[in-house]
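**Student:** I have a structure here, written as structure tokens, and I will follow up with some questions on it.
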């Protein structure tokens with residue numbers, strides 16, 4: 001892609017926008033940056049771009065800028081129906097996201113990973129396996145470093161692994177990973193998409209530009225994902241925990257088996273540090289992607305056995321008076337909470353937060369079977385109570401700290417207090433990490449007489 005001399009509009013000045021603007025300006029583009037925040041709110045990002053030839057339109061957007069740009073690079077947070085983006089499209093301008101822009105400059109094999117749940121764990125583990133197998137590897141995308149930072153920095157790598165969100169996929173046009181992974185699809189982001197089908201359609205775009213020499217790793221245990229197999233041009237490489245596969249990767253009797261073109265590799269799971277049905281899925285996907293792109297099985301197994309998982313995903317905080325307290329703040333949708341509930345019995349569930357628009361009804365069977373008490377918080381608590389409250393003993397709390405104290409008083413020895421919200425955090429907290437720390441502080445204050 002030739003960018004020198006082109007008029008390029010960068011929409012949004014968060015970390016990714018800064019990296020995009022810097023890369024473009026240093027490579028001769030005529031860059032305009034626009035953001036709805038004012039100069040004082042953007043002091044940090046503006047300092048990072050000091051000395052570069054960049055025009056700023058702050059505290060507003062100007063439709064004329066969108067219509068005049070050769071290319072508009074948009075933040076994933078900007079919805080497709082934005083009138084400014086529609087103005088750009090009407091004027092025949094190219095609208096892309098950072099991941100599309102950056103991918104045009106990547107020449108080494110790329111693994112792109114998406115799904116409603118498990119993306120970050122799978123992306124991180126895939127990078128760990130590649131590195132253990134001796135490949136210089138970049139890991140980023142929707143986590144950590146934006147892909148454009150690799151392009152901008154000029155670092156020489158041999159493999160690229162990126163986590164991709166549905167938002168990032170909305171504006172791709174030529175993005176083509178060598179291996180694309182779709183872990184699962186459950187209802188999520190219905191505060192962004194008008195229908196569940198719109199969300200599915202965005203996810204499936206990860207395969208849009210692949211060819212038969214590429215691979216689509218599909219979790220065929222997920223009926224929606226399985227239904228996509230006939231729609232992709234890439235070679236489908238299935239994964240399953242429910243059946244043995246002649247070609248693909250599957251789990252049976254404590255062993256993950258990889259089969260491809262006559263090659264078979266076996267990976268006993270007994271020494272894995274991360275457990276649970278969902279983590280076996282993540283590990284299978286990582287093994288598939290890395291072995292398809294040249295990794296040695298023994299080195300891959302050693303990397304998996306050494307991987308301890310990521311924070312805020314079903315982490316044991318402490319055990320007190322025979323009750324175990326688990327923090328699962330990253331569980332921001334129903335699908336991830338289903339997997340958490342399936343991992344325990346005798347649960348006191350703390351849930352709630354900012355409502356994302358999906359139904360909580362899929363949780364009903366597990367709530368009925370495994371949840372003894374439920375304590376609800378946040379903006380979503382009333383709707384959650386309407387959909388699930390009749391299935392078990394259900395209480396309301398005003399704060400997370402109050403919810404923890406109430407859960408502690410309700411739970412018998414041998415039980416589990418599980419904080420798995422099924423909602424985003426933005427009604428009460430800065431992000432899911434702050435929410436996690438508040439839960440941990442409240443749990444650690446139990447029995448001390450102290451206020452968290």
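In case you wondered, yes, glycine gets a Cβ from its N, Cα and C as well.
Marked as ATP binding site by Swiss-Prot on the basis of sequence analysis: 115, 116, 117, 118, 119, 120, 121.
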**Student:** Cβ distance under 8 Å to residue 121 (ATP binding site), same chain, sequence separation 6 or more: which residues?
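**Tutor:** Those within reach of residue 121 (ATP binding site), by Cβ under 8 Å and sequence separation of 6 or more, are 274, 279, 282, 309, 310, 313.
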**Student:** Rank the binding-site residues 116, 120 by how many other Cβ atoms lie within 10 Å of each Cβ and give me the one with the fewest.
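**Tutor:** It is 120 that, of the binding-site residues 116, 120, has the fewest other Cβ atoms within 10 Å.
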**Student:** If you run the three-state DSSP split on residue 121 (ATP binding site), which class comes out?
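**Tutor:** Its secondary structure by DSSP: helix.
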**Student:** Using a 10 Å cut-off on CB atoms, tell me which of the binding-site residues 115, 119 is the least crowded.
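**Tutor:** The binding-site residues 115, 119 were compared, and 119 has the fewest Cβ atoms within 10 Å.
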**Student:** Name the secondary structure element type, per DSSP in three states, that contains residue 115 (ATP binding site).
**Tutor:** coil
**Student:** Using the CB centroid of 115, 116, 117, 118, 119, 120, 121 as the ATP site centre, which other residues of the same chain sit with their CB within 8 A?
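**Tutor:** What remains near the Cβ centre is 113, 122, 183, 184, 282, 336.
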